[in-house]
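Novice: Sharing the feature lines straight out of TrEMBL:
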type	residues	note
ACT_SITE	155	active site, proton acceptor
BINDING	163, 166, 235, 238	Zn(2+) binding site
DOMAIN	24-373	domain 'Deacetylase sirtuin-type'
REGION	372-392	region 'Disordered'
């Protein structure tokens, strides 16, 4: 039986990393080490391209919360508990709570934009060193920042709501309008929260003073809020034509006079188009992620502690293939010592890099350094020294991945 890629939260704080090479503790040293990482040909038999694996830390500079960063959800909101997939599917009240908090958080999510780190990945692609991205993030920043570079969205995306019965998707902006129509009191509360700036401050203490807690993935917690009053719509397709369920019985889709889903319904339930905690990644996405790793010769991990097994396993897959690994993350990474075993103590970055310099500072500076004529000349020289890599490029054209924006 194939291994399941399940999204499971891991809350423990991880030990601090060993910086590799030691010079990568400074910005200039990290730039030099990463240039060596890109310039050094991968082991024989591996292609010369690099795949990037990202997490929530990359989007912190866009104003979004992460999980384990300095101001991450698990550090500043220690009572936070995400809603699990089975809870969302089975409980009408749980769905009310989820959609109420998502309704408050969507404004921040929808107004946020990719940051310099996302665009630096685009530029590394244009320089020919990065060929694809796998992201755990659900903010859609990667497809927006580099639409011409393939992105596998490992945990889905918040830009759509999807029906758990018919699988039709609906734009989140349209869904937000329906939520506002069904919940006028909540709509007014959101308007007041926006005008007061309560949803914009990045100071967790100020957020608490204003009565809100901003969590990762667009979740806004308001202690004492009457979540049970929140209403959400049914899937319009299933409402028009209730589909049969998996057991052959007819699905029930009932709404009140305003169009809000009634608790008696067992079909037509809309959920975010994300892999919720406790759910498994689809076989199609798992296949695309594995293929992206297998078509590359190096792995660059950034902005993630790899605390979810679905992401950690991809890094392990890369290590098992003999791919050099570089990690850019502020804080520890799950099981990272295994990624840097057997490195030459004197290696300068070609075999592996570990740094804690922020992606916001490091990536644009790295791109600038790699654009210099001497850096381009060095990459060209190394590629001519690696005939196995050139042969791979001739015989294995870049894969065309599914366009996740369609």
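Here, residue 1 is simply the first one shown, and the rest follow in order.
Cβ atoms are placed via backbone N, Cα and C, with glycine included.
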Novice: Of all the binding-site residues given, 166, 238, which has the fewest Cβ neighbours within 10 Å once its own Cβ is left out?
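Specialist: Least crowded of the binding-site residues 166, 238, by Cβ count within 10 Å, is 166.
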Novice: Cα distance, residue 155 (active site, proton acceptor) to residue 163 (Zn(2+) binding site), nearest Å?
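Specialist: Residue 163 (Zn(2+) binding site) and residue 155 (active site, proton acceptor) have their Cα atoms 17 Å apart.
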Novice: Other than 163, 166, 235, 238, which residues of the same chain sit close to Zn(2+)? List them in sequence order, counting a residue when its Cβ is within 8 Å of the Cβ centroid of the site.
Specialist: 164, 165, 167, 168, 234, 236, 237, 239, 243, 253, 267, 268, 269, 270
Novice: Quick check on the binding-site residues 163, 235: which one has the highest count of other Cβ atoms within 10 Å of its Cβ?
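Specialist: Sorting the candidates by Cβ neighbours within 10 Å, the top entry is 235.
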Novice: At the Cα level, what's the spacing in Å between residue 238 (Zn(2+) binding site) and residue 155 (active site, proton acceptor), rounded?
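Specialist: Cα-Cα distance, residue 238 (Zn(2+) binding site) to residue 155 (active site, proton acceptor): 25 Å.
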